[in-house]
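Student: The compositional bias 'Low complexity' annotation in TrEMBL covers 304-314. Here TrEMBL flags 327-336 as compositional bias 'Acidic residues'. The annotation region 'Disordered' is assigned in TrEMBL to 284-336. Annotated transmembrane segment per TrEMBL: 238-262, 374-394, 428-446, 474-495, 501-520, 532-551, 557-580, 617-636, 642-663, 675-695, 726-745, in sequence order.
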Amino acid sequence: QVDAVRVYVNSSSENLQYPVLFVVRQQKGVLSWQVPLIFRGLYQRTYNYQEVSRTLCPSEPTPETGPSDETIFVDVSSMAPFNIAYELLVTRLENFQLETNKAFNFTASPSQPQYFLYKFPQDVDSVIIKVVSDAVYPCSVVSVQDIVCPVYDLDHNVEFNGVYQSMTKQAAITVQRKDFPGERFFIVFVIKPEDYACGGSVPSSIHGNVNRTWNLQRTKNLQVTIVPSIKKSIYVQAMFFSFLSFLSFYLGSVVVAFVHYIRVRRKALAGRLSPEDGSGIVTSSHPIAASTPEGSSYGAIDESSSSGGHQLSSPEHGLPPGSDTDSSVEEESDFDTMPEIESDKNVIRTKVFLYLSDLSRKDRRIVSKKYKIYFWNIITIAVFYALPVIQLVITYQTVVNVTGNQDICYYNFLCAHPFGVLSAFNNILSNVGHMLLGFLFLLIVLRRDILHRRAMEMKDVYTLDYGIPKHFGLFYAMGIALMMEGVLSACYHVCPNYSNFQFDTSFMYMIAGLCMLKLYQTRHPDINASAYSAYASFAVVICLAVLGVVFGKNDMWFWVIFSMIHVLASLALSTQIYYVGRFKIGKCYLGIFRRAAMVLYTDCIKQCSRPMYMDRMVLLIVGNLVNWSFAIFGLVYRPRDFASYMLGIFICNLLLYLAFYIIMKLRSSEKLLPIPLFCIVATAVVWAAALYFFFQTLSSWEETPAESREKNRPCILLGFFDDHDVWHFLSAAALFFSFLVLLTLDDDLDAVRRDKIPVF
């Protein structure tokens, strides 16, 4: 048992020129202070206290000498030319050493800080110090310091040693035995003279004697409880759970692939199907009628009677063996690779009812290479983006470990399990799902790609004239983006804070953008955006996100400019979609107005009763209303979390387009096969569950660190993962199912002629 002594002093003197000096001399140290005790705040404000209480650094009994008495000298002095009355009281602390799993209540104030001793039990390697208070203010600081005298227990020096957190109503610090060779430490509680560090009001700048405050009542009742943290076996269980949960997806994929292989083999033996089916989907051995009936809206014009669209796809029929290999002659260029002249292309695309054969007329090799660039470019972007991010977050973690300032990173401190140099290993481990499922998606796409290549080598007619054109470059890019989202999310959670939140969202923008591009490319393969323009657009989005983080808090000018860019971009993109890439701007500024006037007259005045492309018009009107609503919301409310605001714009647009696509698909009498239907249902269910955990806010860098800790909650899964970790698990699965929806959505069209597949 370690004994501690507390010294209480009080003086009625308010003379700051002649304070009373108290010096306590011990065997191994000296502690001194003055009365009135002065604390300094913002704008040279001073807070003076005439009552001071300090705990003396205790001397520990050694194995050689055992318990012994110690003599303490208290010197009281003043340079005042007159007598000053003071009061001195020395008491022995009864509850100086805290016990495990036992709550202890006490009171502290700026001039009367408190600290206590804790010793690790024999079977405990890590503990969590939980501190709670019923009152938000006054702002306080909790510090863990090694057994060294003097103890830093005043506002101006509490940050000099150990680990510390600011606190309003709740704080939690995880302490490991290995960090304290003596297996014991001090827990220090300091009350700050002002509350601005915890989100309180900032004192106004006032000059003169008004800046002096005497004996301000800033007492806070605190309760501290020290509980054992998790054992090492829990770490092992959590790792096994994380990997096995997502490896089960691999097992499920193998089972599905095996079942499909058995079905294909059986039908091949029955003579109804070739075993080398290009897409991996069951098709007939002879041409069948289109799935779109004659009575539907897309059958108003019978394109099969016109040989133009069908004959223009003939270059694919004449490909020599092995012609799908890379060649410098086949590099993507800025000119159109269609063999027809520009006017013929515009004639075809101006038809009221477009079919897939109208928009898949370019050489398949050239188009395939165009989409492969998405894959190679995103790998380059990922490497150049991730390496500086990793270096930066390592620096953040090093600063936290060296300085002990736990206000730098916004963890859920009630469920932050350290591992090595990492402070919250659980938040990093939970991102393994994105990487594992992203790699699994790459394997699934690779299998489809290989089967398609085999069918092409065998000159399977169904791969040339039937179904959606198979271009896998965007799918590969989506898989890489999912893996990189896991990497960058893990980097962000090394030290989550206001400055690096864009790392967590950058590839989310790219995933949403790539999904929209893939959905559009499905029935518009010839006119989809190139990889260079797409990634350049993503770069602009990320630049806007960074500017929003810097200027989006209070600067009205930024929100005005961003809203204008948002609305204009929505209109420009809508025009390109509505006119299927045929909207051209003149070479001079006058041409812009001439073209705009012509479009207004043709589509709004001459045909005001009914737009030329009704379905596209409905989609674009709804889409513009949604985007304009986002722009108005941002302009009015100016949300502080600009990155999440941008992500919401992308996700809403993606969901809107996907819903439109599925509705139009069903409206065209197309089918949803069991696998895509299962993926759609799984996507909806898993996203709903994931969003529930996402909105369980456990921390917020929009507030001060002390206010953020008020939202901290204990672990909910295996005693290791919190709500946000569950969000990581579920969101990875939801994204994986979402990708599968895009991959399998149109498998029912593999036996349908392209001149019978409508474009929408």
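From the backbone N, Cα and C atoms, a Cβ is placed for every residue, glycine too.
Provide an account of the burial state, proximal residues and distances for the features listed.
Tutor: Tertiary neighbourhood of the transmembrane segment (374-394): same-chain residues 473-474, 476-477, 480-481, 484, 487-488, 491-492, 494-495, 500, 503, 506-507, 510, 514, 531-532, 534-535, selected by CB-CB distance under 8 Å and a gap of 6+ residues from either end.
Tertiary proximity for the transmembrane segment (428-446) is limited to same-chain residues at least six positions away from its ends with a CB under 8 Å from its CB atoms, namely 238-239, 242-243, 245-247, 249-250, 253, 422, 472, 475-476, 478-487, 489-490, 493-494, 721, 724-726, 728-729, 731-733, 735-736, 739-740, 743.
Sequence-distant neighbours of the transmembrane segment (474-495) (same chain, 6+ residues past either end, Cβ-Cβ under 8 Å): 371-372, 374-375, 377-379, 382, 385-386, 389-390, 393-394, 396-397, 400, 408-409, 422-424, 427-428, 431-435, 437-439, 441-442, 445, 501, 503-504, 506-508, 510-511, 514-515, 517-518, 521, 728, 732, 735-736, 739, 742-743.
Long-range contacts of the transmembrane segment (617-636) within the same chain, counting only residues at least 6 positions beyond its ends with a Cβ under 8 Å from a Cβ of the stretch, are 559-560, 562-563, 566-567, 570-571, 574, 577-578, 611, 645, 648-649, 652-653, 656-657, 660.
Distant neighbours of the transmembrane segment (726-745): 242, 245-246, 249, 427, 430-431, 433-434, 436-438, 440-441, 444-445, 448, 475, 478-479, 482, 485-486, 489, 511, 515, 518-519, 522, 658, 661-662, 665, 672-673, 675-676, 679-680, 682-683, 686-687, 689-690, 693-694, 696, 716-717; these residues of the same chain sit at least 6 beyond its ends, with a Cβ under 8 Å from one of its Cβ atoms.
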Student: What residues elsewhere in the chain lie close to the transmembrane segment (642-663), defined as a C-beta under 8 angstroms and at least 6 residues from its ends?
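Tutor: The answer is 501-502, 504-505, 508-509, 512-513, 515-516, 519-520, 541, 544-545, 548-549, 552, 566, 619, 622-623, 626-627, 630, 634, 672, 680, 741, 745, 760.
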Student: Under an 8 Å Cβ to Cβ limit, what residues of the same chain, 6 or more beyond the ends of the transmembrane segment (557-580), are close to it?
Tutor: 349, 354, 359, 520, 524, 527, 544, 547-548, 551, 599, 613, 616-617, 620, 623-624, 627-628, 630-632, 634-635, 638, 649
Student: When you scan the chain for residues with a C-beta under 8 Å from the transmembrane segment (238-262), skipping those not six or more beyond its ends, what do you find?
Tutor: 280, 426, 429-430, 432-433, 436-437, 440, 443-444, 447, 675, 718, 720-721, 729, 732-733, 736
